[in-house]
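> Below, the features straight out of TrEMBL:
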type     : residues                                              : note
ACT_SITE : LYS205                                                : active site, proton donor
BINDING  : LEU9, GLY10, LEU11, GLY12, THR13, ILE14, GLY15, THR16 : NADP(+) binding site
BINDING  : LYS105                                                : NADPH binding site
BINDING  : GLU190                                                : L-homoserine binding site
DOMAIN   : 360-438                                               : domain 'ACT'
Amino acid sequence: MVELRVGLLGLGTIGTGVARILIEQKELISRRLGKRVTLVAAADRDLTRDRGLDFTGVRLCDDANAIVTADDIDLVVELIGGYEPARTFVAAALASGKHVVTANKALIAKHGEELFPLAAEKGLQIGFEAAVGGGIPCMKALREGLAANAIDSVYGILNGTCNFILTKMENEGANYADVLKEAQALGYAEADPTFDVEGIDTAQKLSILAAMAFGSKIRFEEVFTEGISRITAADIQAAHEMGYRIKLLGIAKPHGANGQVDAVEMRVHPTLVSLSSQMAQVSDSYNAVQISGDFVEHTMYFGRGAGERPTASAVVADIMDITSGFPGGITHLAPPMGFVESSRREMPTMPMADALCEYYIRLMVQDQPGVIAAVTSILADHRISLEALIQKERHASHNVPIVMLTHETTEGNMQAAISRITALDAVQEDALILRKESAVV
Ligand code: HSE
C-alpha cells in the first residue's frame, strides 16, 4: 500500500492532537484513502511531558532541522506557530521537496505570498485549512464547493477566545480578565493573548479568506482592526436592549463594477448583529463563517474554531488530501488560494474612511441641560440620522452614559462627527463607536 510519511514540528496542543489522530485513526484513514499515512518523526523542545500517547515507532527529537531535511519524510506538519522560526522551517521543508501542512495563520497571512511560489515551483502543496476556523472546512468550501460563484461578502466569527469572552460576559456577567484566563487554560488563546483580544488573529484569518474569495493577494497589514478590550458589560446590555448582540467579526467585501473587483474592503471590529440572526446564536469558542455568492446566495459554516481536537481534524484532512494525490503530483487539488496563480491580482484595500456602516455610539457626558441637543446637532451637521437613543441612569460622578444607534454613513464622516463631539466640554471620555451589520443572516 502506498505510504505517505509525516514529520511533525511541535508537540503542543495541536501537535499532540495531530499525533493522536495519526496514531489512533490510522485504520480509518487507510480505509478512506486506500493509502497509509504514517507518523515517522516529531520534534519538540519538551519531550519529557506525558502526552497520553504511545509513540512507539515514532522518532522523537528536539531538532526541527533534522525533520525538514530527513530523507524518510514526505510531508512536514508545522505546528510551532508564529512567524519565525516557522517560516524558515517551512521554506527549508519545501526546498527539500516535502509537502507542508500548517495551522499557522500568522505565517500564511504574513509570508504566504512568498511560500506559495516556493511550493508551486517544486510541484508541492501547502495545506492550511486549520489556519482559519479551526476544525471548520470553510476554505475548502470557498475554494471548491463555492468555486462557481463570484463572492459577494464574507462575515466571520474567527476567534474562539473573543467569542468565549463575549459570551461569558453576556451570560454570566463574568469579568473580562477571568474569562480570558479560562480561555487560555482551555488552549484556545494565542501565546500572546493580545493577538486574540485586539483582533489581530481575526485580521490574519480574514486576510486569507478575503484573498481566497476575491482572487487578490493576502494583505494582512491593511486590514482595519479593532479588538474587544473596550467593550463593557454595560455595552453588551445596551446592545441587547436595542435588539443586538456584540460579536467580533471579520468582514470582507469586494468593490468594483461589471463583475470586476477593483478594491477589497477588509475590517475587523466588534459588531452589532441582530439577536435573531444565525450569527448571534454562535456562542462560546465556536466560530462561524457566512460566505455569500452570486448564485448560491448565503451559506454558513459553523464549528469549533480552536482547541486540540478540532484543529487537528483540519490538519489531518489536509494531510489526507495531499496523500490522495501522492506520489506523482497533486493536480487533483484546487490551487491553494482558490485561483490559479497567474490570475491572482494585486487589488488595493479600500480606505476605511469609505466604508459604509451603521453605528453604536457610547458617550459619557455631564448630566446637564443641552448636552443631547449639542451632540445631536453635530450629528445633524454631518447628516447622520439616529435610529435609537438611550440615556441610562446617572453615575455617582454626575456623569451619565448615552447610547445611540445611527443609520448608515461613511466611516470618515462618522469619525469627523465624533472628533467634534469628543471636543465638547460636557463629554467626559473618548466615545466608543461600534459598527452594526444588517447583512449578517
Ligand atoms: N487563538 C485562536 C482562537 C486559536 O482563539 O480562536 C485558533 O486560531
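Cβ coordinates are placed from backbone N, Cα and C, and glycine is handled just like the others.
Unlike curated records, TrEMBL annotations are generated automatically.
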> Give me the CA-CA distance between GLY15 (NADP(+) binding site) and GLU190 (L-homoserine binding site), in Å, as a whole number.
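So the Cα of GLU190 (L-homoserine binding site) lies 15 Å away from that of GLY15 (NADP(+) binding site).
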> Just name the most isolated of the binding-site residues THR13, THR16, going by other Cβ atoms within 10 Å of its Cβ.
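Across THR13, THR16, these binding-site residues, the one with fewest Cβ atoms within 10 Å is THR13.
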> Using a 10 Å cut-off on Cβ-Cβ distances across all protein chains shown, tell me which of the binding-site residues (LEU9, LEU11, ILE14) has the largest neighbour count.
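Answer by Cβ density within 10 Å: ILE14.
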> How many Å separate the Cα atoms of GLY12 (NADP(+) binding site) and GLU190 (L-homoserine binding site)?
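Cα of GLY12 (NADP(+) binding site) to Cα of GLU190 (L-homoserine binding site) measures 12 Å after rounding.
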> Which binding-site residues from the list GLY10, LEU11, ILE14, GLY15, THR16, GLU190 come close to ligand 1, meaning a Cβ under 6 Å from one of its atoms?
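Only GLU190 qualify.
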> Any idea what the Cα distance is from GLY10 (NADP(+) binding site) over to LYS105 (NADPH binding site), rounded to a whole Å?
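Checking the Cα atoms of GLY10 (NADP(+) binding site) and LYS105 (NADPH binding site) gives a distance of 15 Å.
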> Could you give the mean pLDDT over the domain 'ACT' (360-438), rounded to a whole number?
94
> Between GLU190 (L-homoserine binding site) and LEU9 (NADP(+) binding site), find the distance joining the two CA atoms and give it rounded to the nearest Å.
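Their Cα atoms are separated by 18 Å.
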> In sequence order, what residues of the same chain, 6+ apart, have a Cβ less than 8 Å from the Cβ of LYS205 (active site, proton donor)?
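Spatial neighbours, sequence-distant, of LYS205 (active site, proton donor): LYS105, ALA109, ALA131, VAL132, GLY133, GLY156, LEU158, ASN159, GLY250.
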> What is the set of residues, excluding LEU9, GLY10, LEU11, GLY12, THR13, ILE14, GLY15, THR16, whose C-beta falls within 8 angstroms of the centroid of the C-beta atoms at the NADP(+) site?
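My list of surrounding residues reads LEU8, GLY17, VAL18, ALA19, ASP44, LEU79, ILE80.
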> Radius 10 Å, atoms counted are CB only; among the binding-site residues GLY10, GLY12, which position scores highest?
GLY10
